[in-house]
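Enquirer: Dropping the structure in here first, questions after.
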């Protein structure tokens, strides 16, 4: 029986030899730990030529609370691996392949994606991947449709909801997205210069009520098995490929949460570009982002409707016109969650490189101000923004 | 260890002596089986004076599928008992008290309610219980608020959702409420004379899409631990008391489902009264029903808001104004589910005494026609019926 122990590089190599599924595992010779070392160890396992062939990821227990939280901590590897395995069934081209996992060791062996780059880093540098938006939309449609009530048998769905109960990671989202940016909280990380703007969020009744509604949907609307954290830093890209990783927040929640998170990180980049690139490059990049926002939604909606038309198993949900009506609600949720993600990435603790990499302080504050204002607008206007085109018009309007 | 066996009357007496919680259990001497004998045995346990003191209810396995469905069948007793126990914590005056249950024996020991009467029977006879509406509203508010995201800690709520996963009984609702009345199905039980009206439901796109939306919410919106079947036949009343029984459909679902089911059975009675009573008594009874419909909703909403104001534990949901905004959505759901319950009780298999007891065939058909038309109106107009007063206006308008 396996028992938790922290892996050394040598352990990781041995583990990859055993579970990496290579025809000739003996070629694996060395490992490098490339994770941030805080919550997870991430080892790249190299062959004799120094080519990375396999990735071994191991969850570390939270250092400060090894006692009580231990079992939950281990469980996040099961949840991540099972979410990826489930999503891989339906979007194999866009989901990292899990080769093996062991819940007790809190370890997961995955395909190597060294030929890919993290999308956020590329967006920050102004590198454009024209195919990424459509691929992301495809990924979202395939994973979310096939884990929804349209497709799963009701008994299977109910069992899956129970299997993917993810209290610890959901609680992080519940706090970081929906509470902390709207109260005075030590973890918030916006600059002092923005205090008046941020303070105005706290007392905006309409905004706070809308955020409460989005949090309530996050709690209660078990529509599909979400990735749960599908931002541009959880997405690997090449010229022709897009792969989602890091699904430890997976659980059954509102479809608009995943779609909105994806769009939000494109819009944060939109807001940040003037601080990152030359004016001309920034203008080009902004148009690319808007095109991507529309492209993600259109690809998602088109594929979702096509899947609903051909593969819906539920008799009532299969009625012609229902899937389209449902997607209108998903869109409203999407715009709202998009706004919430923008605000939690700018006001809250989880700041992103798009903003952090802006060296000029005044410019960085301006970009933050722009993003926060946009986030608020989206949350408030979600029910009045009819489609992706109207969303883009709102974004242009906001500056 | 207990092992399933069907109880005889003598077994039931012995069991009640052991688990009925009486100070002097030896007074229990005899039992009478009063259930319908189809799915459950229900024994009243009498003392020497012939007074019923305890009820013993045992689930029978479905006769036709003893093999495969056995374990699920037993589980419905756990679900019923646990739902009643949970609801009793918050509405002890309006929930039957479970004294003991054994999941393996599929048996439950409950307080005796022989001094109460089934509300439906009283409604059919034209007996008015002026306090019942407010008590039912109170029951709904207490049970639904305290099992919602407003009150439960997110981790507790998630564990409770998993604990109350109820696939078998939910599937009955999914089929009987949302599918069968809208298709040609052998279980439907409306008279041939109504074929044109019922056939028109099947091809009403707007209606079918609205019903699909309500089914989808039933699948996915885990708002609170519902009773799941809170019609007037699951409610015992006296002049001063109201108690809910029969909670085997308990699961986490949309709050409007319970509220709508409760209102629907009052409105079915409203439609049936001209066939049950003299014109004058029927007119009086109809006014009572409308008053009750409003009374249930107002009592529910008022108590829910008061509980939300004083006992909400979630930081975001506690924001002033949110509970009221949420109740507007609950109201829309309520009107929709009310329409769905009316239609499944008139078109579908689960016909009710209010209609069945109408001896004049033409009158019975007229009452059915009225109810089906009302049900359809409510489903279609749910988003445009702003409050209980507007609902009552619609009902009066429909005849």
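Placed from the backbone N, Cα and C atoms, the Cβ positions cover glycine too.
Feature table excerpt (TrEMBL):
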- B:34-265: domain 'Aminoglycoside phosphotransferase' (DOMAIN)
- B:40, B:57, B:111, B:112, B:113, B:246, B:247, B:248: ATP binding site (BINDING)
- B:229, B:344: substrate binding site (BINDING)
Enquirer: Across the domain 'Aminoglycoside phosphotransferase' (B:34-265), what does the mean pLDDT come to, as a whole number?
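Expert: Overall, the domain 'Aminoglycoside phosphotransferase' (B:34-265) comes to a mean pLDDT of 93.
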Enquirer: Using DSSP and collapsing to three states, where does residue B:246 (ATP binding site) fall: helix, strand or coil?
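Expert: Assignment for residue B:246 (ATP binding site) reads coil.
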Enquirer: In whole Å, how far does the CA atom of residue B:246 (ATP binding site) lie from that of residue B:344 (substrate binding site)?
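Expert: It is 19 Å, counting Cα to Cα.
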Enquirer: When you measure from the Cβ of residue B:40 (ATP binding site), how many other Cβ atoms are you left with inside 10 Å?
Expert: 19
Enquirer: Other Cβ atoms within 10 Å is the metric here; tell me which of the binding-site residues B:246, B:248 scores highest.
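Expert: The residue with the most neighbouring Cβ atoms within 10 Å is B:248.
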Enquirer: Ranked by the number of other Cβ atoms within 10 Å of their own Cβ, which of the binding-site residues B:111, B:112, B:229 ranks first?
Expert: B:229
Enquirer: Taking DSSP three-state, what's residue B:344 (substrate binding site) in: helix, strand or coil?
Expert: helix
Enquirer: Calculate the distance in Å between the alpha carbons (Cα) of residue B:57 (ATP binding site) and residue B:229 (substrate binding site), and round it to a whole number.
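Expert: Approximately 18 Å lies between the Cα of residue B:57 (ATP binding site) and that of residue B:229 (substrate binding site).
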Enquirer: With DSSP assignments reduced to helix, strand and coil, which class does residue B:40 (ATP binding site) get?
Expert: strand
Enquirer: Give me the count of other Cβ atoms within 10 A of the Cβ belonging to residue B:344 (substrate binding site).
Expert: 25
Enquirer: Indicate the candidate from B:113, B:247 with the smallest number of other Cβ atoms within 10 Å of its Cβ, considering only these binding-site residues.
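Expert: Comparing Cβ neighbours within 10 Å for the binding-site residues B:113, B:247, B:113 has the fewest.
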